[in-house]
Amino acid sequence: MKIKRIGVLTGGGDCPGLNAVIRAVVKTAIRQYNYEVVGFINGFAGMIKKEYRLLTEQEVSGILHRGGTILGTTNRDNPFRYAVKENGELVFKDVSEQAIANLQELGVDALVVIGGDGSLAIANEFYQKGLPVVGIPKTIDNDLSATDTTFGFDTALTTASEAIDKLHTTAESHHRVMVLEVMGRYAGWIALHAGIAGGADVILIPEKPFTIEGACAKIKERASKGKKFSIVVVAEGATIKDGELVVQRVVKESHDSIRLGGIGNQIGEAIEACTGMETRVTVLGHLQRGGSPTAFDRILSTRYGVGGVDLVAQDKFGQMVALKGTDIVGVTLESAVSQLKKVDPDGELVHAAESVGICFG
Ligand SMILES: Nc1ncnc2c1ncn2[C@@H]1O[C@H](COP(=O)(O)OP(=O)(O)O)[C@@H](O)[C@H]1O
Ligand SMILES: O=P(O)(O)OC[C@H]1O[C@](O)(COP(=O)(O)O)[C@@H](O)[C@@H]1O
Ligand SMILES: [Mg+2]
């Protein structure tokens with residue numbers, strides 16, 4: 001296919017490195033392939049509403065190190081299940097044909113979707129409908145199959161491990177238990193990595209349902225040996241054995257409408273009751289998604305952006321760029337979205353954590 005113009009959009013929760021990807025996409029498209037680039041505003045919403053801007057090298061100058069996305073994003077709008085109000089009622093409509101027609105009107109020959117599992121599932125649906133689409137894996141959660149890592153994860157876990165370092169000094173001074181709730185949706189990657197990096201005593205993740213008694217036993221054992229403080233890192237998706245996910249809010253317009261949160265406060269209270277030790281809870285929240293990407297994420301984002309446009313130039317549609325070992329490769333979007341990547345509860349990383357005394361409850 002002779003390509004003249006490509007479209008790019010960022011979908012799902014924002015994440016450090018999005019701007020670095022956009023910059024790499026635009027520079028590669030213009031310099032290597034002489035394509036024009038159209039950026040859609042606020043993810044798939046921009047495609048539906050035909051809101052876009054032409055991206056020149058000038059437009060992407062100075063954004064490599066900046067957090068967020070200059071294009072805006074949303075974790076609600078799905079063109080195949082688009083929420084609209086009719087007579088005060090929320091109904092879902094398939095507006096994908098409209099979105100495709102908009103692309104055709106704008107002369108966009110191929111689309112680069114930068115997103116996580118949700119956005120890439122939408123990208124895959126568009127590909128099945130015949131649209132030339134490629135994907136770039138983004139998410140702080142690192143929960144995408146078919147790639148060793150997503151960009152944004154390294155920055156999020158750096159923020160989380162710095163938070164643990166800070167909690168350590170105040171926990172030690174006050175002889176307290178400090179609980180830190182981190183993001184990650186249904187996967188425990190941020191909690192596990194940040195917990196190991198920050199020297200947590202207890203890490204609670206969705207892949208290993210826990211008991212309060214188990215976590216308290218570890219905290220009491222430390223106290224009996226003179227360590228009168230403990231650090232507990234809990235993933236927002238972690239559950240007590242036979243318990244349920246703790247949901248903070250429901251976003252009705254969203255396909256995956258559940259927003260997790262609140263487990264930190266629940267277990268904080270329970271730990272205080274069972275250990276008798278003063279306990280404080282910190283919810284790290286969106287700090288994990290903000291700020292400047294780490295050097296690792298800037299490099300990965302740049303390689304992903306370049307790789308995405310290379311896939312377009314090679315007619316490798318329906319594919320996503322992925323990191324495999326030290327290489328950037330193409331994998332099918334299908335393989336990327338068919339299953340969430342979760343922590344192996346019996347894997348080496350959990351084994352390493354347990355070997356240095358970390359308790360999983
Ligand atoms: N399994 C899915 N299939 C199709 N659309 C989905 C799916 N999961 C989420 N979505 C939709 O995809 C969009 C982005 O999903 P979200 O999970 O918030 O971000 P991300 O792209 O980072 O995974 C939202 O509109 C959401 O409603
Ligand atoms: O910004 P919101 O709507 O509260 O969403 C929070 C969710 O988004 C994330 O920060 C990122 O998830 P996605 O990569 O799927 O967008 C999750 O860790 C968290 O559960
Ligand atoms: Mg997601």
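Glycine residues also receive a Cβ, built from the backbone N, Cα and C atoms like all the rest.
Keep in mind that this is a model prediction, so the values were computed, not measured.
Summarising the annotation, TrEMBL assigns domain 'Phosphofructokinase' to 5-311.
Residues or ranges marked as ATP binding site by TrEMBL: Gly13, Arg76, Asp77, Gly116, Asp117, Gly118, Ser119. Around Gly118 (ATP binding site), the same-chain residues six or more apart in sequence whose CB sits under 8 Å from its CB are Gly11, Gly12, Asn75, Asn78, His255, Asp256, listed in sequence order.
Residue density at Asp117 (ATP binding site): 23 other Cβ atoms are found within 10 A of its Cβ, drawing on all protein chains shown. Look at Asp117 (ATP binding site): DSSP puts it in a helix. The Mg(2+) binding site feature in TrEMBL is assigned to Asp117.
According to TrEMBL, the feature site 'Important for substrate specificity' maps to Gly118.
For Thr139, Ile140, Asp141, Arg176, Met183, Gly184, Arg185, Glu236, Arg280, His286, Leu287, Gln288, Arg289, the entry in TrEMBL reads substrate binding site. A coil conformation is recorded for Asp141 (substrate binding site) in the three-state DSSP classification, outside any helix or strand.
Annotation source TrEMBL lists active site, proton acceptor at Asp141.
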Ser119 (ATP binding site) to Thr139 (substrate binding site) - Cα separation in whole Å: 11
Candidates near ligand 2 among the binding-site residues Gly13, Arg76, Asp77, Ser119, Arg185, Leu287, judged by a Cβ under 6 angstroms: Gly13, Arg185
Given Arg76, Gly116, Asp117, Gly118, Met183, Arg280 as the binding-site residues, which ones have a Cβ positioned under 6 Å from some atom of ligand 3? Gly116, Asp117, Gly118
Between Arg76 (ATP binding site) and Thr139 (substrate binding site), how far is it from one CA atom to the other, in Å? 15
Gly116 (ATP binding site) to Arg185 (substrate binding site): how many Å between their Cα atoms? 12
Please list, in sequence order, the residues in the chain of Met183 (substrate binding site) that are at least six apart in sequence and whose C-beta is under 8 Å away from its C-beta. Ile140, Asp141, Ala156, Ile190, Ala235, Glu236, Leu284, Gly285, Gln288, Arg289
